[in-house]
C-alpha cells in the first residue's frame with residue numbers, strides 16, 4: 001500500500017501522493033544514503049523508475065482531454 005495513505009489528510013494537489021512516494025523512494029535508496037548522491041542524480045541513473053513513470057503518466061493525464069473523462073492515472 002502506498003505510504004501516503006497512512007495517517008494523512010486528503011491531498012489538495014493532483015498526483016501529490018505519487019510525488020510524495022517518489023520522493024520517499026529516492027531519499028531511502030542506496031544511491032542517496034550510501035553513495036551520497038543527490039536525488040536528481042539517482043533519478044537519472046534509473047532508481048525508482050516505476051514511480052517516476054507513474055508520476056509522469058499522472059501529470060500527463062491532467063493535460064489530456066480524453067483522460068479528463070476517465071479520471072487521473074496513478075493512485
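Heads up, the Cβ atoms here are built off N, Cα and C, so glycines get one too.
Looking at the stretches 15-25, 48-58, the one that Swiss-Prot records under the feature motif 'Cx9C motif' is 48-58. A gap of 6 Å separates the Cα atoms of residue 42 (disulfide bond) and residue 31 (disulfide bond).
Counting residues per DSSP class in helix, strand and coil order gives 7 helix, 0 strand, 5 coil for the motif 'Cx10C motif' (31-42).
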